[in-house]
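Taken verbatim from TrEMBL:
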type	residues	note
BINDING	Arg11, His12, Gly13, Glu14, Ser15, Val16, Asp17, Asn18, Arg59	substrate binding site
ACT_SITE	His12	active site, tele-phosphohistidine intermediate
ACT_SITE	Glu89	active site, proton donor/acceptor
Amino acid sequence: MGGTTRLLLVRHGESVDNVADAALSARGVLQARHLGAHLLERPSPLVVPTHIFASDLQRAYQTAEAIRESFLAAGSDVPEVQRHGDIRETDFGSLEGLPWANPAPAVVPDGWVHPETIEAILLRINRFLETSLFPVVQSHLGDGVDDVERAVVVVAHGALIRQVVNALVTKFTSCNCPVLGLPHGYGTAGFHISWRNTGFFECLIEAATPASLTTSPTAFPSGLKVTIQHMNCVDHLAGLTDAISSAKLDSKQKPIETSVPA
C-alpha cells in the first residue's frame, strides 16, 4: 500500500511590515525557531521532511530555514529548502501596503496596477500542487515501503494557505477520497480564518485501499484517506513574550528566548 505523507502548511513568522518582500521581524524569527523546536519535541515528533517548499519571498524562506535548522541541529540530514514562486503572496498591485479598509478607486489613475485575480492565484496554486506536491505524494505511495511515514513542509502566506487547503480538499473529495477532521464540514467557509504567524495546517495522507497509482506523475492518486489533525495550530507560541521587537532582527543581537514573567 506504500508509505504515508504527513503534510504541514505553515504561515511565515511575523514580518517587519508584511508587504513586498519584507524580512522576518525579531519576533518572527523567534516564532519560527519555536515552531522548529516544537515539531521535534512534541509528543509525536515530526519525522525528517523529505521536502521543504517555501514561497520565494524572504519571510517565508527564512521561516522554512528556521525549521530546517532545527532538524540540522538535532543531527538530521534534511534537504535544502526549495523556493517556489507559485506559492508566493497575492500580488496586490497598487493596493500593496494600503490599509484593508481602503478600496480601489472608482476611477483608476494612470499607471494603476490591478491586484492579482483569484483565477490567477488558483492557477498557480494548482500548478504547484500538480508539479511539486502531488508527485511527492505519489512517490511516497509508490515506493513499495509500507507503514513508513514521511513528511512534507510547505511555508507560504496566510491567505494563500486558505486557498491551498480548499484546493486540496476539493481535489480529495472530487476523487471520492474521505477527508476526516474537517472542523466545518465540506465547503470553503471553514477555511476563511485569520491565519496566525507560524500557524500550521497538518494532515495525514494515506492509502485507504491499495492506491490506484496512475502512469502520470502529476495525476492525483485514488484510494486515499486524508485525516486533518491541526488547523491554524499555534501551540508552539504558548508563553512567548510580546515584549519582543517587531522591527527587523539585528543579526548582532541575540533575541529573547524566554517569556517575561507575568
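Backbone N, Cα and C define each Cβ position, glycine as well.
Structure coloured by features recorded in TrEMBL.
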residue	record	DSSP (3 states)
Arg11	substrate binding site	strand
Asp17	substrate binding site	coil
Arg59	substrate binding site	helix
Glu89	active site, proton donor/acceptor	coil
Arg59 (substrate binding site) versus His12 (active site, tele-phosphohistidine intermediate) - Cα distance in angstrom:
6
Just jot down the residues in the same chain as the residue listed as 'active site, proton donor/acceptor', at least 6 apart in sequence, with C-beta under 8 A of its C-beta; none if empty.
Ser55, Leu57, Ala156, His157, Ala159, Leu160
Using Cβ atoms only, which residues of the same chain lie under 8 Å from Arg11 (substrate binding site) while being at least 6 residues apart in sequence?
Val155, Ala156, His157, Gly158, Ile161, Trp195, Arg196, Asn197, Thr198, Gly199, Phe200
